[in-house]
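Okay, so here's the structure we're looking at.
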């Protein structure tokens with residue numbers, strides 16, 4: 001009897017699950033999601049008076065034929081795209097999207113994708129403050145008529161960084177707008193912030209209506225991230241800028257004369273590709289010269305990446321696009337935004353730090369970093385009980401990471417608590433400790449962070465320390481019944497050596513989408529960066545933080561990206577005729593790879609020398625980039641020819657081809673022949689016994705230096721291959737002259753790991769450097 005009941009229950013349960021699965025599948029099939037629909041603009045039938053009418057007609061054809069569907073088709077469209085991208089964003093079911101994709105005139109359909117934000121001393125560190133570079137620092141050269149579009153969380157217009165004192169009229173080519181909304185009026189735009197727009201239709205379609213009690217449904221920045229990046233790009237000089245006394249000095253953007261246009265695409269729940277593409281599309285129409293995009297998602301094929309497609313369209317219009325590489329380092333192949341027409345920026349440190357000390361009861365002093373300054377102060381004359389709720393076990397313990405709900409006030413009250421990094425924000429851990437009665441926190445790095453130290457504006461006395469010191473500290477606590485410590489804060493220190501150092505969190509190569517395109521392109525300051533901040537939120541970013549500061553210190557490739565965007569504006573002002581590729585080339589070939597101790601840039605995650613997979617071409621050097629001598633220029637058709645080598649179908653190539661009616665001319669023998677400033681050679685063995693054939697790549701350089709210039713080549717040696725450059729000398733006789741050369745890589749001894757080196761052209765005045773990576777691919781199994 002029991003078996004029969006159990007059997008019947010099992011039968012019932014199985015059928016119940018089957019019904020649920022069928023219902024779920026049916027709901028998923030009919031649920032509407034946002035899709036970006038790319039249209040073949042030139043083939044619009046003459047029967048239609050405008051493209052929106054045609055797009056709407058196409059949409060109707062994919063819907064049901066009821067009168068309600070006709071009325072519904074207009075409501076389904078949330079954006080129309082006309083400049084960097086052509087088509088619409090619309091709410092469709094999965095079935096409707098598939099049906100629409102088969103329609104004539106529809107090039108491609110992209111599901112809406114969620115992106116995340118990749119979250120002052122830097123002008124001085126980069127040699128850009130007036131007293132060090134008086135000949136290049138002028139209103140004209142610091143970006144007077146250059147407009148930078150910043151796609152982010154909006155802007156806090158009252159910040160002193162956005163004052164327009166002494167700025168001339170808004171450039172005539174600017175066609176943008178200052179959109180009004182909650183807490184934002186047209187008067188908030190000026191000759192510095194020339195435009196501000198919001199994009200939220202994709203976000204609301206995916207997440208729901210924006211709660212205007214929690215964030216501004218306007219260009220005003222609730223988060224702070226957008227204000228920080230915009231000020232880093234082109235903030236006006238502000239004397240006495242600091243965060244709670246830390247990093248005191250003059251805050252200045254990379255191009256303080258540049259104009260800023262804020263495009264708010266990110267909200268509390270993230271950033272969506274339909275909004276991002278709409279912002280890029282509008283920015284191109286508005287007349288921006290530079291796009292700064294400090295966000296990213298995963299990596300997908302070029303033709304499936306809507307941000308990549310829109311950036312291609314912007315590049316075709318002459319717009320330089322800079323994107324953050326991501327904060328997924330030090331894992332290899334962790335990059336985002338890897339398209340060759342995008343400048344991909346990694347993060348590095350500066351020569352400034354915020355030291356703090358942990359003084360242990362056994363007399364040992366551990367050095368760390370902190371930005372704490374508050375009413376709660378620990379006496380340096382007194383020792384406080386020290387507690388660690390984890391163990392020596394490698395097993396993850398939520399208590400060791402001080403997660404919400406894991407602290408017992410009876411255990412931590414009145415004590416300094418050791419917290420491991422991971423799973424929750426660093427400052428959130430301090431809030432958990434403080435809420436449970438702890439008097440201080442020591443934040444210890446784990447293996448993923450190594451010895452890299454990132455300072456935070458904590459809510460209680462707290463110090464961050466490295467992994468090795470953290471292990472020793474935990475051993476001390478776990479082996480002693482009476483472990484004690486106190487914390488001391490040392491302010492701001494300059495002249496840190498070595499610097500710069502590649503940040504451990506900075507995403508790394510190789511670029512597995514196309515190994516021939518070396519990424520990241522370069523690194524720039526992205527650790528502990530001081531810039532303007534939103535006064536709608538405290539410097540820790542936590543809701544419980546009631547402090548209000550005009551400046552904040554943040555870290556991330558989100559911070560390094562606007563450094564490059566601002567320097568690109570700086571170059572555009574000096575060389576308005578340069579293409580986006582020429583600007584990128586100047587930045588890459590003048591980047592440096594030696595730190596202030598004259599050694600190769602260190603990787604913070606290993607404390608060993610970094611490679612081009614970590615730092616790309618090197619660390620940005622703005623002054624040298626103004627006069628690079630030679631540039632590797634790339635036309636839009638050249639980028640398309642690169643795509644023609646990527647095994648894309650004709651339909652997939654249409655995603656990039658239709659705006660300018662492009663077709664493959666097969667001018668590149670291989671992907672490595674794209675005229676990129678970095679060089680990557682791939683040896684491929686077909687079998688275990690066969691030897692790879694020589695690899696030949698070609699490059700063309702344009703003379704942007706003195707008309708009569710003679711360059712000699714210098715190649716670093718490689719163990720696994722011989723490298724021959726023909727010719728070895730380039731003799732230029734006029735400005736803008738183009739000369740080509742060929743590089744032959746001949747394999748000698750197969751290497752088990754990539755080899756790194758460089759190719760340098762020198763003329764006594766200029767040093768034009770390209771990194772080289774030689775990779776050996778194993779034969780198929």
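Note that the numbers count up from 1, one per residue, in the order the chain is shown.
Placement of Cβ uses the backbone N, Cα and C atoms for every residue, glycine included.
Here the structure is a predicted model, which means the values were calculated and not measured.
Positions annotated as signal peptide by TrEMBL: 1-28.
Per TrEMBL, domain 'Inhibitor I9' is recorded for 34-118. When pLDDT values are averaged over the domain 'Inhibitor I9' (34-118), the model yields 83.
Feature annotation from TrEMBL assigns domain 'Peptidase S8/S53' to 143-602.
Taken from TrEMBL, the feature active site, charge relay system applies to 152 (among others). Applying an 8 A CB threshold to same-chain residues 6+ apart, the list for residue 152 (active site, charge relay system) reads 117, 221, 225, 226, 229, 230, 262, 263, 264, 265, 266, 292, 294, 295.
Summarising the annotation, TrEMBL assigns active site, charge relay system to 225 (among others). Summarising the environment of residue 225 (active site, charge relay system), the number of other Cβ atoms within 10 Å of its Cβ, over all protein chains shown, is 27.
Annotation source TrEMBL lists domain 'PA' at 383-473.
Residues annotated as active site, charge relay system in TrEMBL: 558 (among others).
Residues or ranges marked as domain 'Subtilisin-like protease fibronectin type-III' by TrEMBL: 673-774. Broken down with DSSP, the domain 'Subtilisin-like protease fibronectin type-III' (673-774) shows 1 helix, 58 strand, 43 coil.
DSSP labels the residues of the domain 'PA' (383-473) in these numbers: 21 helix, 21 strand, 49 coil. If you draw a 10 Å sphere around the CB of residue 558 (active site, charge relay system), it holds 30 other CB atoms from the protein chains shown.
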